[in-house]
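Heads up, the thing below is written out as structure tokens.
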Amino acid sequence: MKFLLFMFVGVVHLLPLASGKAIYGNGPSQRTFQEIKEEIAHYGDVAKSIINLTVYGKAQNRSYERLALLVDTVGPRLSGSKNLERAIEIMQQNLKGDGLENVHLEPVKIPHWERGEESAVMLEPRIHKMAILGLGSSIGTPPEGITAEVLVVTSFDELQRRGPDAEGKIVVYNQPYTNYSAAVQYRMEGAVEAAKVGALASLIRSVASFSIYSPHTGIQEYQKGVPKIPTACITVEDAEMMSRMASRGNRIVVQLKMGAKSYPDADSFNTVAEITGSKYPEQVVLVSGHLDSWDVGQGAMDDGGGAFISWEALSLIKDLGLRPKRTLRLVLWTAEEQGGVGSSQYYQLHKANSSNYSLVMESDLGTFLPSGLKFTGSDKARVIMEEVMSLLQPINITQVLKAGDGTDINFWIQDGVPGASLLDDLYKYFSFHHSHGDTMTVMDPKQMNVAAAVWAVVSYVVADLEEMLPRS
């Protein structure tokens, strides 16, 4: 019954697109959906060649090995750090050495924050040293630290109800984890909301799908007119323990010390490379990932994997001697973790040409075994993407789902450009996200091969179609 329903919905959805009416393109170049479908079907052999090269051939494991070399050599790549600067220099050399075209750096001013030494110790009801990670842009504590009683809450609503109890205390958030989007607001806004009710500092339960006593960092934002207070993430285990203690009526006292400090903005770069289009070089399909990371772990998963399968996509296409009609542009963003700073400045620099962008792609949710593609665009563009994804039937990755947005491509999507991202294992991703556990040990070379194949097939075919993806 489910199959019949799917078939019925699919037929209804495609009727106006496949009825023979010339609805794609403008003027005499208008084509029916059936004609475009037949055009895409002709890429079957090209798709198989890309898959064979990366999954089974001489390019297998290449993206993994390239990534391992960079992160083992450079380490984590915090915005404003020497490590990030070195990684950008290395990647520029790598892309030139790979024979890609128009390799260059585009200057960006980025935030520079350092965490310094940090610690948290529970003094009452017992002595317990707590693992913490200060949040990006947080201020530090005085040198002697902040020693105060704790108020544990599970939501902003509870904090508002108990506001008078928070004054002069450290607010601990033990918000439940249902999904990242719901929980991350406590990391982003927890300090501001705690400061509004007179708290001295805030400690937030790490935004993680799983924990082995691992704190997870990330960016947080202060609000104009609200006092700035120190803020850090603690482990799921410590947040839950203090919540249990509070429910028993225990008095909890914590000493927090943080040496965090912000510096003037630093100079950085977005890293760009291309395969120039053969027929419409001014038109662009963009593939991307971010090169910066947090200062813990290696930044292998977030977002080394996404950056390196994006590089690999161009490498595979070049290795096969392919040159699409449109320009394939690789951008490795800087300072994504500080709120998409590099991609924002790129958009400001290039937005006058947004009508020439056929598709923007971002990989920043893991490069494990993808189950499909998330896509944002018009209905006409979506059915085209469904046909493109059907070319990946040999590796059984054909789904097209909604919500293809991402921090670094949202500017373009809001401007009407279709956007795409990989659909991946989010439970695994948020187990290691922004933590000491984000290392090469998390990565799997065979899974990266498959992710790279998907990225290369989609980007090449869309770049080589006779027409750009239709917009709303």
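Placement of Cβ uses the backbone N, Cα and C atoms for every residue, glycine included.
The feature active site, nucleophile is assigned by Swiss-Prot to Glu336, with similarity to another entry given as support. Residues or ranges marked as Zn(2+) 1 binding site in Swiss-Prot: His290, Asp302, Asp364. Positions annotated as Zn(2+) 2 binding site by Swiss-Prot, on the basis of similarity to another entry: Asp302, Glu337, His434. According to Swiss-Prot, the N-linked glycosylation site annotation covers Asn52, Asn61, Asn179, Asn353, Asn356, Asn396. Annotation comment: Swiss-Prot describes 1-20 as signal peptide, evidence class sequence analysis.
Positions of the features from Swiss-Prot, shown on the structure.
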residue: Asn52; record: N-linked glycosylation site; DSSP (3 states): helix
residue: Asn61; record: N-linked glycosylation site; DSSP (3 states): coil
residue: Asn179; record: N-linked glycosylation site; DSSP (3 states): coil
residue: His290; record: Zn(2+) 1 binding site; DSSP (3 states): strand
residue: Asp302; record: Zn(2+) 1 binding site; DSSP (3 states): helix
residue: Glu336; record: active site, nucleophile; DSSP (3 states): coil
residue: Asn356; record: N-linked glycosylation site; DSSP (3 states): helix
residue: Asp364; record: Zn(2+) 1 binding site; DSSP (3 states): coil
residue: His434; record: Zn(2+) 2 binding site; DSSP (3 states): coil
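Sitting within 8 Å of the Cβ centre of His290, Asp302, Asp364, and not among those site residues for Zn(2+) 1, are the Cβ atoms of Gly289, Ser293, Asp303, Gly306, Ala307, Glu336, Glu337, Ser363, Thr407. Neighbours of His434 (Zn(2+) 2 binding site) among the recorded positions Asn52, His290, Asp302, Asn353, defined as a Cα within 10 Å of its Cα, are Asp302. Other Cβ atoms within 10 Å of the Cβ of Asn353 (N-linked glycosylation site) number 11 in total over all chains. Of all the recorded positions listed here (His290, Asp302, Glu336), Asp302 has the Cα closest to the Cα of Asn396 (N-linked glycosylation site). Distances between the Cα of Glu336 (active site, nucleophile) and those of the recorded positions Asn61, Asn179, His290, Asn356, Asp364 are shortest for His290.
Between the CA atoms of Asn356 (N-linked glycosylation site) and His290 (Zn(2+) 1 binding site) there is a gap of 22 Å, rounded to the nearest whole number. Neighbour counts of Cβ atoms within 10 Å were compared for the recorded positions Asp302, Glu336, Glu337, Asp364, and the top value is held by Glu336. Neighbours of His290 (Zn(2+) 1 binding site) among the recorded positions Asn52, Asn61, Asn179, Glu337, Asn353, defined as a Cα within 10 Å of its Cα, are Glu337. Cα separation, Asn353 (N-linked glycosylation site) to Asp364 (Zn(2+) 1 binding site), rounded: 24 Å.
Asn396 (N-linked glycosylation site) falls within neither a helix nor a strand when secondary structure is assigned with DSSP, and so counts as coil. When the binding-site residues Asp302, Glu337, Asp364 are ranked by how far their Cα is from the Cα of Asn52 (N-linked glycosylation site), Asp364 comes first. Rounded to a whole number, the distance between the Cα atoms of Asn61 (N-linked glycosylation site) and Asp364 (Zn(2+) 1 binding site) is 19 Å. Annotation for Asn61 (N-linked glycosylation site): same-chain Cβ neighbours under 8 Å, separated by at least 6 residues, are Pro445, Lys446, Met448, Asn449.
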